Amino acid sequence: MADAGKKKLVQQEELRRLMKAKQRRSCSKKRIESPLAKYNSLGHLLCVVCNIQIKSELLWPAHILGKQHKEKVAELKGSKANISSPSNKVQLHHIMKRKGSEPENQESKRIKGTEDQPTALKTKLPEGFFETEETSSAKHAAEKAPSLKLLAGDYEDDDEVEGEEYENVNEASTSLQKPAEIPLPPPTSSADRLPADFFESKMPLVSHSGSVLKADIQEKIVERKDNTAEALPEGFFDDPEADAKVRKVDAPKDQMDKEWEEFQKEIRQVNSVSDAIVAEEDEEGRLDRQIDEIDEQIECYRRVEHLRDLKDTLQDAKMEVLKSKSSKKWQEEIGSDDEETLPSLLYKNWRDKGAFL
């Protein structure tokens, strides 16, 4: 018996150990792989956005679809957008700086290029390069001029920059056309001849004038003010009226008055409904009482008619009895009169008798 008990204990311990191992394996398989999920040292699942511990991996989809998680994500996105988008004033300041420094860099680069061109032409320049260079440089200058006008806002400086660029382009084209008689290798692809960012301008394009930019800045400032007023929590200020004014909410007294009026309105509605129900019940009760009274009157009329019928039958029976009694009495009276007259006739004299006969 002792051996059997030990075997059972051993089997239970093995089963428990196997169940725990199975649970661990299932937990390890169900680990959440998400940038918003994180596991601590104890292996508990945490939400990075909400900073909340999730009890189980099965609850992770429900937590992601929850209202609190979505609000936190939206707040983070809004703050990130506000941080990543600099003000237009800073952009214009950088643009003005770049505008002053770019012509100098371009002039230095062009001077260096003209000095190194006699050696480079022997190996790199293909046939027809000068025509393509002139057309591409003219197009690039024509595309760059309006962008500089929009970015800077100073039209006189833009005209000077355009004039310098056109003069530099003409000088470069004339200097390149002189050694055109040198034998050149076969033409190569345009990707080898031009740099990768030749047609791209690193300066951001502005699609509106300065006045429109100022209006956009003012709108953004107003929106941010509204967002800050809405973001303030309830009770941020000690004075409840000031707190309600900043948060653009009704004051506590006004709110209490509104709630009291709503309460009174609801009470009146409930009272009107209850009065209507009571009136309906009273009307139904009155109709029921009238119906009962009518039924009772009908029953009383039936009883009266029945009693009348009984009275008539009794009267008829009484009349018959009286008639029978009167007829009997009359007959008795007639018989008694005959008996009395007979002896008187017998005792009369014969004369009278004969005369009588």
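We number each residue from 1, going along the chain as drawn.
Glycine is no exception: its Cβ is also placed from the backbone N, Cα and C atoms.
Straight from Swiss-Prot, the features:
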type     : residues : note
COILED   : 279-325  : coiled coil
COMPBIAS : 99-115   : compositional bias 'Basic and acidic residues'
COMPBIAS : 157-168  : compositional bias 'Acidic residues'
COMPBIAS : 242-255  : compositional bias 'Basic and acidic residues'
REGION   : 98-126   : region 'Disordered'
REGION   : 157-194  : region 'Disordered'
REGION   : 231-255  : region 'Disordered'
ZN_FING  : 47-69    : zinc finger
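Within the same chain, residues 27, 30-32, 34-38, 76 sit at least 6 positions outside the zinc finger (47-69) and bring their C-beta atoms closer than 8 Å to a C-beta of that stretch. Per-residue pLDDT, averaged along the coiled coil (279-325), amounts to 92 for this model. Residue counts for the zinc finger (47-69) by DSSP state, with H, G and I taken as helix and E and B as strand, are 11 helix, 4 strand, 8 coil.
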